[in-house]
Structure formats: C-alpha cells, structure tokens
Amino acid sequence: MTKKLLVICGPTSTGKTSLAIKIAKKLNGEIVSADSRQVYKIMNIGTGKDLPVNSKLIINNSKLGGYYEAEGIKIWGYDLVDPKGEFSVAQYLKIAHRIIDDISKRGAFPILVGGTGLYIRGVIDGIDTADVPKNNKLRKNLEGKSVNELYEKLSQLDSLKAGSFNSSDKKNPRRLVRAIEIAQYQLTKKFVTSARHTIGNNFDVLRIGLTAPKEFIDRRIVKRVIDRLDKGIKTEVENLLKSGVTWENQAMMAMGYGLWRDYFEGDVTEDQILAEWARDEVRYAKRQMVWFKKDRRITWFDITDPEFLINVESLVKKWYNQA
RNA sequence: GCCUUUGUAGCUCAAUGGUAGAGCACACCCUUGAAACGGGUGGGACGGCGGUUCGAUUCCUCCCAAAGGCA
C-alpha cells in the first residue's frame, strides 16, 4: 500500500482545520500546518491557531518542532520559531518533510492543512533553489538599487533567468535580488543543484480545496476579526512587544499585528484598525484563490453546500482505501 | 443677512486658457529561501445653469453646498 498524503487548502476562514480534525479522527490522521505565520511562537490569536485552552506544545524530538493536541488530534507545524527570528520557505520545507515522514513511519496518516500556497507547493513539488542560502552581504549591497539596475545585473549573470522574468517581476525588487543571489551562488558553486526533496514522488496525494461565495467569506472574515479582538489580540501584541519583539521583525509584518502600531503609538482608533484588518484579510483571501485556482489537481468543495461534508468524506475514504 | 475661503476619482490632495495627475481604496493578474511578503496592469473625476473666448476644469455672473468670520 502506497503512502498517502491529504492536502486541505483554500482561502482563509473556510474551516480547513476543523475539517482536517474530523477526517483525522476517522483515519488516524495527524495535521501538519502549512501556514507561514502560525510558525511563530506566542502569535496564537492573530494567526488563528484556535487551540484549546491550556494546551501546551509537546516536544519529544526537537527536529520535528512539536505538536499541540486539539480534540485528541496532533497538530504539527506551529511554534517552529521565535517571533524575533527570521523564517523562510526553506526552513519550513526541511521540517515539514521530517514531520510528514515521521507521521507516516509511525503508521499514521499525514494531513497537510493551510493557506500558504507556496509552502504546500514546496512540500509536494519541491523548490529547486531552496538550498541556495540567503546572502545578507549581497542583499545589503543591492539595497537601494533601481529595478532597472537589478535587472541589468541579473541579465549579466544569468541571461536565461532574466529572460524568463515577466513584466511584473522585472519590476519586483525582491524577486530580482533573490534571482541575483541564486545566479551568483551557482557561479561560485559550479551548479550544485541538489536533488530536490519532494513528497510528490513518494506519496499518493489528494488535494482538497475549500471555498465559498465571496460574500460569505467576507462576512466570516469580519466576524472573525471582531472575535479575535474579544479573545485578546491587543494583549497578545503587547506581550510580543514586552518579550522583545519589535515592529520591524518579520513576524510583526503579519496581518493583524503590524496594524496595531498605529493604535499603540498613534491616534488611530480600535474600530479603524479592525476595519483595516478585515480589509487586509479579504484581499488576502482573494490572492489565495488566485494562487490555488491555477493548480488543476485540486478538487474544490463549496462549504455552503449542505452536502459538502458528506461529499468530502466519501471522496477521501474512497481514495484512502484504494491500494 | 453680509464678508472670506472652498467645491476635481470612493477618500486625501495636485496641476492647467487647449477636456486633468498622484497616493490610498477598488478590480484583474503575477508569484519558487521574506509569500499573511513582494510586484504588475486597469476602470474611475473638474458641484449646476449661463457668459467671455476659436476653445474653459481654469476667467466672469448667478444658483447650490460646505467651512470660518462679522453682525
């Protein structure tokens, strides 16, 4: 019997985790979060970890991070790093692969759940250049250069790569800098493109996407933002600051966090923050859909369809029981 | 009632006697070690009726609206 991996993806607030828990209960599953912000410790309310009260991160093997338990189901992939630190896809991929292998080895069923499309794609299809490390010196040198200068430099180093850039990315400093970084690395290392680590070849993967009409999602987002205020997002932000996290940290750029700076330091009201936060989430949901829509391997379910749960579960069971 | 100022995109503001730009918002799209990040493209406006002028968003009259001041 081949190893199986279930993916549950989709825009924010479509109930991905709660569906995953339901399925996990029936099939001895364990959840692996694919969310670029839930990787940070302390950031629970704003990132929607929805953990039961008093639950604690359990660490048996530090190479796997640790897991929380919700309704008896293990959730991995949370709290991988301190909010003062940096994080990137590359780190996520390493640890996610270890977690998935470990779950599978123990005979349990891994369910990859999240809204960060890049992370999911990376885990399953791999990222060729993920092993090319960040080069802070280079990045510093390139800081402040115009996009034209950056593009020129990239063309000199790797004309093929430069040619593949579309009109949007030609003007995207971040992508240009990264491409230059890779090109330079490959020059010095003489093309050590390591065999990329992928899940796709070793696992039978089923991708499920959850969606809903836009108005439904938008309404839910507004409700959820208010809910997070009630749960104490303001205190959470204060605690982060107390623990030494600054507004400049990568983690604080997350939706629902950075916004509060204008509240704590400026004269923006709580209502204004909430409105902006909801607006950010709505836009984000849109971007997520744009991203996921392109993957034709995803089977979509509308969560407002009364038959939705029955349909998903029967599809998953059928797939799971195939040899 | 009188005087002054103002009226340009959903919002905040430019410029100009030859039919208008920006930022934010919105829509659509892109994304391979920051991805809840970063980037591209697009639609959308001169308060109203007249007058002067070859031509008015720009100058003038009146009307309407807003803000401030004087009574």
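Glycine residues also receive a Cβ, built from the backbone N, Cα and C atoms like all the rest.
Residues or ranges marked as ATP binding site by TrEMBL: A:G10, A:P11, A:T12, A:S13, A:T14, A:G15, A:K16, A:T17. Per TrEMBL, substrate binding site is recorded for A:T12, A:S13, A:T14, A:G15, A:K16, A:T17. Residues or ranges marked as region 'Interaction with substrate tRNA' in TrEMBL: A:35-38. Per TrEMBL, site 'Interaction with substrate tRNA' is recorded for A:T116, A:R139.
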In Å, rounded, how far does the Cα of A:G15 (ATP binding site) sit from the Cα of A:T116 (site 'Interaction with substrate tRNA')? 15
The region 'Interaction with substrate tRNA' (A:35-38) - residue tally per DSSP class, helix then strand then coil: 0 helix, 0 strand, 4 coil
Would you identify which of the recorded positions A:T14, A:T116 has the most other C-beta atoms lying within 10 angstroms of its C-beta? A:T14
Most Cβ neighbours inside 10 Å, all chains, among the recorded positions A:K16, A:R139: A:K16
Which one of the binding-site residues (A:T12, A:T17) has its C-beta surrounded by the most other C-beta atoms within 10 angstroms? A:T17
Can you tell which of A:G10, A:P11, A:G15 has the least company, meaning the fewest other C-beta atoms within 10 angstroms of its C-beta, among these binding-site residues? A:G15
What DSSP gives for A:K16 (ATP binding site), in three states, is helix
Tell me, roughly as an integer, the mean pLDDT over the region 'Interaction with substrate tRNA' (A:35-38). 96
What is the Cβ neighbour count of A:S13 (ATP binding site) at a 10 Å cut-off, with all protein chains included? 24
What three-state secondary structure does DSSP assign to A:T116 (site 'Interaction with substrate tRNA')? coil
